[in-house]
Amino acid sequence: MLLQAPPSYPSTPPSDITESKKFVTDCSKQETVKPHVEPSSGRAPFQFVWAEPDHGALKPNAQRHVSPECTTSTRWVVPVCAVGAERRNVLLRPATSSAMWFLLLHLGLTATLTRAELLLSLNGPYWTVAGSNGTVSVPATVPGGIYTDLRAAGVLDGDPFYRFNDLLYRWVARDNWTYARTFAINADTFLTKRQVTLVFHGLDTVAEVFVNDVSVGVTNNMFTRYAFPVKRLLRAGDNSVEVRFLSPITAAEQAYRAQSAAGYTVPPRCVPVEYNGECHVNHLRKMQASFGWDWGPAFPSVGIWKSVEIIAYDAVVVRDVTVRYDWGNSTLTLGVHLELGNGSSGAIKGKLEAVLGSNPQVGVSRQVIVESGREGEYLGVLVLPVPANIELWWPIGLGEQYLYNLTVRFVGADVDERSVKKIRYGFRKVSLIQDKLTPKGLTFYIKVNGVAMFAKGSNWIPAHILPELSVDKKTYKTLLTAARDANMNMLRVWGGGVYEDDSFYQLCDELGLIIWQDAMFACSMYPASEGFLASVEREVRQQVRRLQHHASVVVWAGNNENEAALRQNWYETAANFSLYRRDYVSLYVDTVRAAFTKEDPSGMFVTSSPSNGDETEKEGFVASNPQS
């Protein structure tokens, strides 16, 4: 089952939530949830040709944050359905302020004790990884990857980055690898829940997942979060999970052949011969640089590169929160993305609540009903008034980086459970200024909070060519602090790498470094088949939901240099230019930009980097000179 995008949240506050001076919640109003889903396709043999995944559902991508507050009983003493204070009387200070006064955006909390969903982490050194012929079977660690696991076990007896070892170890990526472990399930806890889901935050890349020897789904996108319902397969006591990875070299070749059989090839076939790299990486949704680039060796990565967990719950899970601030009306519109798994015979009732800080002064909640037997996702909307005296977030060199704690909860009315999502939000207004400068040219600069900003920065590639080693908080802090100390104020996350970890963007928020975020496409033409576009649409939707609230992320771009590659005939596409142009627009405009706009209607997006901005759009998104 693949999820459809939920409806966009409204541009104006619902009339039953707000009025001009006071923030009032009508606790009698209820909203019936009807999740948006689409049926799954039939199962295909495990050969990679961009068929849709079949078992389970792909759900929004986010790192889970489980705090002590989520897992222990908490006493709440809050007025029920009280009317909030007038906006002008509310003092709001940021989380970084020593005077800890906050705005509670919540009404209607009952004084009951609640608890969060159950979470069983499958991370750690408890896995094994084995090759396809059985000659290699060694301990493995998750999160991790095949090169680090084989090196730790002594199978790779030399440093992969020493001299020509990248060539000696090319056999690694040509094999199929299976990661496996056992885990124990408590029947009195997990199996009593209505929904039990196996969640992979990152699988690299083409794989089939088994629980107790039963296939639960296939994966084809390194940048997508996968979630598979597994309650029917679990038993009390020991259980097993296996992830059977197809060689990325084989998967890329299969996808290339399938595309070619459809009538035309999608270039380039291979990286330049000087790179000693691999071919057809543009047919896979994985880190493009892993097959070789001009700045690094080819290590086609394989593995469970992000966290794995089993989540059990009775009601719903708050998966992501997107935030849009209306500067004219001083309101904060929250898009609350709920993951549903209600297999019970009765409906689940509950409330959505939002809290900015912890001091109850003004707020809102909304009642919802999840219908029986429903699964999928639901977008709830909360609209919150914000005092005019908030402190703004500024890039480094222009002001302070004020950040506010924002918590969103779903509190079940009929079940003793709540789900919590916490983020830090910085209030800032950004705009990309494209004013007429000459008869043939526009300005192209960023304003933050009405102040023009001179961008000084650099290109950010992954901190390590092995994805599992690129996510390191100490390395992030060292490099980002160095960028700040070098008087940089902006970084571009390059499209041939990865969408970085949450901790990367959190540090950028704190340091005042603004981010130009590429979607993960670089220096190639790409397929525009139905399956490929569907995977990209889910990828972009999930990543925008995960990153949209960060004050540091100010501009998104559809790709790195692909407009220039097409127009300047890097790969001999001129003879069939109209075909490749059609695919270009289908991918970056109709899919990537459309998914971005649906999740972040007020965000800034350009279709390529480099780009002529609005002038490029006037030329049908492929300018006559993209670098002019």
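If you go along the chain as it appears here, the first residue is 1 and each next one adds 1.
Using N, Cα and C of the backbone, Cβ positions are placed for all residues, glycine too.
The shown structure was predicted, so the numbers you read here are calculated from the model rather than taken from an experiment.
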1-20, 341-360 - the range that TrEMBL marks as region 'Disordered' | 1-20
Helix, strand and coil residues within the domain 'Glycoside hydrolase family 2 immunoglobulin-like beta-sandwich' (318-428) as assigned by DSSP = 0 helix, 65 strand, 46 coil
For the region 'Disordered' (603-628), what are the same-chain contacts with Cβ under 8 Å, counting residues 6+ beyond its ends?
-> 430-432, 434, 440-442, 444, 492, 495, 516, 518, 544, 548, 554-564, 566-568, 581, 584-585, 588-589, 592-593, 596-597
Within the predicted model, mean pLDDT of the domain 'Glycoside hydrolase family 2 immunoglobulin-like beta-sandwich' (318-428) | 82
